[in-house]
Protein chains: 2
Amino acid sequence: MAMLLKGKDAAEHVYADIRTRVEEWKKNGKQPALATLLVEGDPASAYYARSKQKVAEKLGVAFRLRSFPSTVTEEELLKVIEELNADEGVHGIMLELPLPRHLTAAAIEAAIAPAKDIDGVTPANKLAVFTGSGKGLHPATPQACIALLKHYGYALEGRNVTLVGRGQTVGLPLFHLLQREQATVTVCHSRTPDIASQLERADIAIVAVGKPNTITAKMVHRALTVVDAGINELADGSICGDAAADLSEAVSAFSPVPGGVGTLTTAMLFRNLMKAMDLQAEQKGAVKP
Amino acid sequence: MAMLLKGKDAAEHVYADIRTRVEEWKKNGKQPALATLLVEGDPASAYYARSKQKVAEKLGVAFRLRSFPSTVTEEELLKVIEELNADEGVHGIMLELPLPRHLTAAAIEAAIAPAKDIDGVTPANKLAVFTGSGKGLHPATPQACIALLKHYGYALEGRNVTLVGRGQTVGLPLFHLLQREQATVTVCHSRTPDIASQLERADIAIVAVGKPNTITAKMVHRALTVVDAGINELADGSICGDAAADLSEAVSAFSPVPGGVGTLTTAMLFRNLMKAMDLQAEQKGAVKP
């Protein structure tokens, strides 16, 4: 039976750190606060906002939910982001996805102040992850994939990592973060003719395609570790990852969905909120605790 | 004996296209012009500027060399770039490297107007290559590697490409351009323990490390094609690539240094100049020929 890489275990360690940092900020007279923009109409967006709210409450972080009817215009959202950018009592800003069809996520996200952009979606933060400047806030899901492996004691330097998926949200930024971990990375995608052969020499596979059964037991070897960053909703309403259920018997370790990467992603957002507070303090020349 | 992938053959095709385009622009009353900033003191920088000048003359492109003493300040260079950005008679701007130690290339390059940035060095163009927006001007050397392969009839879709090197100038942008060609790419680097094993399944290897003998005959297989993007100056003043001389007998095809990628890189800069003229015409709402 393969070892389970559980997001919850890893997240608890992160949350313990964050709680300490939140207390320090409060002693210094600052209430850490996260604002999220929710355009009504999509159950997934609403679910993500609620999940964050619950975690915020546990951590002592103030949570400001800004809800908008599904008919809201881009201009109205941009105006609210401008207000939140200028508000010194708000330290992190997120836009919940997916949005209604008449709104373009990238155009709205680009307006977020980079130092408050806790999911690394602005052009400045995208460039930072690609160029490895060491500055900026990196997207949460790619960070969660790496943090999960590190929590379970995996060394990435010199290891062969096969990434399946090259999306803008997970695959590509993760490729760059893995460079900084000194892994040797192969990137597979929909036009890769034989993904199984690309897994032969891999120590670790990370899947982020958004399609169930992208990796099955037949494609893997016993020594492989699989990190599953996919979240797919099935017809019966249940959630599954990109890896097939039969994988559990065929590999040495894997992250379950739900309960793996996704769980840790929320923790990474709040870790970014702490980093965002440091960045904002630095920008103002203020002392951080 | 391996097939030679010669930059000159590929470049001649590109230059023929550019000559036609230059004539069209001239008929429309516009003289295509390239400006290059040369800080004196480094023979390599001066050599690159002269090479461009020769090609510009052959193509009918106006070449404006702006030379500065090695004591020039960043402020002085930024002021000249500002002037060139505003000058409608200049369509491409380059800064010759290397620079004297007191100057930082990235800080100066960032000032170039993105639509005149024919080597893709500004933050806006870096972001464009990374996000695959399809907009923007891409760096010349990575484009040359792909153009060389295409000239010799290589299909990249579905092929295994092993990239050795992950620098900001060649390796990383090339990784992203290869995604758009639908190749399956593995990126090796100084911390990859066994590069030979990463070449086993490769159809094509592209080397861009800047170190002689990075790939030797012992590390390759007979069916491999090697594109060498390295340019190294040896103690005797001669130039060699990153691939060892013994490679020629061990692979199916390779690009020589000099005479391979480097030769085509200059052609890519002038192809970018033509693209830059289109971009600038679009920005002004003007008609392009």
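The backbone N, Cα and C atoms fix where each Cβ goes, glycine too.
Taken straight from TrEMBL:
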DOMAIN    A:5-119  domain 'Tetrahydrofolate dehydrogenase/cyclohydrolase catalytic'
DOMAIN    A:139-279  domain 'Tetrahydrofolate dehydrogenase/cyclohydrolase NAD(P)-binding'
BINDING   A:G165, A:R166, A:G167, A:I231  NADP(+) binding site
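Taking the features listed in TrEMBL, we show where each one sits on the structure.
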{"residue": "A:G165", "record": "NADP(+) binding site", "Cβ neighbours (10 Å)": "24"}
{"residue": "A:R166", "record": "NADP(+) binding site", "Cβ neighbours (10 Å)": "22"}
{"residue": "A:G167", "record": "NADP(+) binding site", "Cβ neighbours (10 Å)": "15"}
{"residue": "A:I231", "record": "NADP(+) binding site", "Cβ neighbours (10 Å)": "19"}
Model confidence over the domain 'Tetrahydrofolate dehydrogenase/cyclohydrolase catalytic' (A:5-119) (mean pLDDT, whole number): 96
Residues from the binding-site residues A:R166, A:G167, A:I231 that lie close to chain B, Cβ under 8 Å, in sequence order: A:R166
Site diameter for NADP(+), Å, by largest Cα distance between A:G165, A:R166, A:G167, A:I231: 15
For the domain 'Tetrahydrofolate dehydrogenase/cyclohydrolase catalytic' (A:5-119), residues assigned helix / strand / coil by DSSP: 59 helix, 18 strand, 38 coil
